[in-house]
Amino acid sequence: MTLIDVTMRIVHTLFAGVWAGWTVFMAALVVPAARDGKLGADGIRWMTQQFTRFSSLSSVVLLLTGGFMAGDLYSTETLTGSSSGHLVLTMVVLWLALSGLSHMAGSRLKKNLDAGAKQAAAGATTLFYVAGVVALGLLVVAGWL
């Protein structure tokens with residue numbers, strides 16, 4: 001394995017792990033705390049902005065590093081005709097879903113903060129929960145790969 005291969009794997013794994021973990025953290029702790037009135041609008045706004053920025057950055061980084069690794073390790077035949085190829089394609093679908101869900105959940109939460117943190121969090125809870133499940137699914141599929 002070359003230095004570029006190792007670098008791509010490390011960067012890919014770091015961004016994927018932080019993004020998945022942060023998504024689950026938002027879904028499991030931040031949004032419920034805001035919904036229960038334990039967090040204020042300013043704190044939620046700041047955390048959500050940071051989450052949204054990192055999610056956008058991670059989407060791009062994972063596209064580039066994952067594309068590099070897939071192009072290096074797989075052909076069209078192995079992507080569509082092997083179990084590891086199917087796992088890679090499953091990860092691509094989950095990556096697309098997580099990208100969209102992260103953006104929608106963060107946008108909905110920020111958009112509704114003027115009405116109050118409780119109401120904003122209540123309106124974004126489902127999207128964050130689904131994003132958290134997708135993030136965990138990505139980690140499980142990556143573990144099988």
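Backbone N, Cα and C define each Cβ position, glycine as well.
Copied over from TrEMBL, here are the features:
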- 12-34: transmembrane segment (TRANSMEM)
- 48-145: domain 'Copper resistance protein D' (DOMAIN)
- 54-74: transmembrane segment (TRANSMEM)
- 86-105: transmembrane segment (TRANSMEM)
- 126-144: transmembrane segment (TRANSMEM)
**Prompt:** Which value does the mean pLDDT take for the domain 'Copper resistance protein D' (48-145) in this predicted structure?
**Reply:** 95
**Request:** State the residues, same chain only, that lie 6 or more residues beyond the ends of the transmembrane segment (12-34) and have a CB under 8 A from a CB inside it; answer 'none' if no residue qualifies.
**Result:** 44, 47-48, 51, 54-55, 57-58, 61-62, 65-66, 69, 98, 102, 105, 109, 117-118, 120-121, 124-125, 128-129, 131-132, 134-136, 138-139, 142
